[in-house]
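Below is one structure, written out as structure tokens, with a few remarks after it.
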Amino acid sequence: MDKLAIQASPPLAGDVIISGAKNAALPILMAGVLAETDFIVSNVPNLRDVSTSCKLLRCLGADVDELGNGQIRISTKNLNEFCAPYDLVKTMRASILILGPLLARYGTADVSLPGGCAIGARPVNLHLHGLEMMGAKIEVKEGYIKARVDGRLKGAHIFMDMVSVGATENLLMAAALADGETVIENAAREPEVIDLANCLIAMGAKITGVGSATLRIQGVERLQGCEYRVMPDRIETGSFLVAAAVTRGRIRCLKADPASLESVIAKLEDAGAKITTGEDWIELDMEGKRPKAVNIKTAPYPGFPTDMQAQFCVLNVLAQGTATITETIFENRFMHVPELIRMGANMELEGNTCIIQGIESLSGAQVMATDLRASASLVIAGLVADGKTIVDRIYHLDRGYEHIEQKFQGLGAHVERVQ
């Protein structure tokens, strides 16, 4: 099984090209099921979850051609299966996003209950409740969600009990082909939801309120394929910016989207980083200084993203001062903390809050990745730890970061993939 071997590295320096956003690409690929003609998606990152999504679409009978250069073409003319099996779904929670498109277009869907990162209860009840309000008959048995609808789904007024990105996306796709108007209140406002909505609009969907907490979808009878470019990955961007801050370096992230990262940029500036942005680039310069501790509380967008919490734990571990990090989105999302403590970090957990006293340096150790973003934090810690750090189980990392070791090497880091 692959590992990453990391030696203490100089301050990161240079340019890094940001990949397409995994969390936008996955729902957009699933939206291909809604299109009656060929659908071409570009800027798709080369990741394990993307490969799983393509396998899932092929398993349903869709023709999926990887055209190279991050382009994927999807044709549904031969789609004739409506079951997303356990062996595919267990590795990727986003497989649940096939439910809305299959049900809306074909009236039937059997989807295994999902797997993915082990970061707490991420219930699918919001997805199911919304679809039931649109007229679907759903039962959960033998580990599968079995959903049926006679004719078309019906427009409905849906209030989400809690903000859920996945449920918003599933219901948005389902509503695009429903009969009548659907209103989704307390909808997620994440940039990836906006990207999916813009893709659906390019396919012919009628959606208003994009980017707000109230989405209105006037269902249409059919959607056509289009060509659509996936937005840049804001979490990958943020991860490299934090790595540069921790190593006291200076980097530029190219093909990025500064507008989607305002809360992260604000916290990096609080930590002492000098940040300059253009339309599609972000430059961070620590001017050789140690970062200052910053308090973090995760929240749905436009608040601070839970997917950047682990990386800021590392920043605070090596910062001047004391900080608290409070996780409000997922429970069980501090699994990186025991690993960082093994490297010498001074941190303790109290419920959903981590209290961190900054120290000057860490020691290299063998550590284990437990989920996608935790693994990124361990890599960043390894860059500034004395000696050698080995990160095990990096298949988590490969689910969300494209060519991570090559990108770090390009910035001067001593990172290599080993068996």
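A Cβ is built for glycine as well, from the same backbone N, Cα and C atoms used for every other residue.
Swiss-Prot lists LYS22, ASN23 with the feature phosphoenolpyruvate binding site, giving sequence analysis as the kind of evidence. Taken from Swiss-Prot, the feature UDP-N-acetyl-alpha-D-glucosamine binding site covers ARG93, ASP307, ILE329, and the record attributes it to sequence analysis. Swiss-Prot lists CYS117 with the feature 2-(S-cysteinyl)pyruvic acid O-phosphothioketal. Residues annotated as active site, proton donor in Swiss-Prot, with sequence analysis given as evidence: CYS117.
When every Cα pair among ARG93, ASP307, ILE329 is compared, the largest distance found for this UDP-N-acetyl-alpha-D-glucosamine site is 16 Å.
Taking a C-beta cut-off of under 8 angstroms and a sequence separation of 6 or more, LYS22 (phosphoenolpyruvate binding site) has the following same-chain neighbours: PRO45, LEU47, ASP49, VAL50, ASP233, ARG399, GLY400. According to DSSP, LYS22 (phosphoenolpyruvate binding site) sits within a helical segment. Cβ-based neighbour count (10 Å, all protein chains) for ASN23 (phosphoenolpyruvate binding site) stands at 24. Neighbour count (other Cβ atoms within 10 Å of the Cβ, all protein chains): 22 for ASP307 (UDP-N-acetyl-alpha-D-glucosamine binding site). Residue environment of ILE329 (UDP-N-acetyl-alpha-D-glucosamine binding site) contains 21 other Cβ atoms, counted within 10 Å of its Cβ in all protein chains. Following the DSSP three-state reduction, the secondary structure of ILE329 (UDP-N-acetyl-alpha-D-glucosamine binding site) is coil. The two recorded residues, ASN23 (phosphoenolpyruvate binding site) and ASP307 (UDP-N-acetyl-alpha-D-glucosamine binding site), have Cα atoms 11 Å apart.
All chains included, 19 other C-beta atoms sit within 10 angstroms of the C-beta of ARG93 (UDP-N-acetyl-alpha-D-glucosamine binding site).
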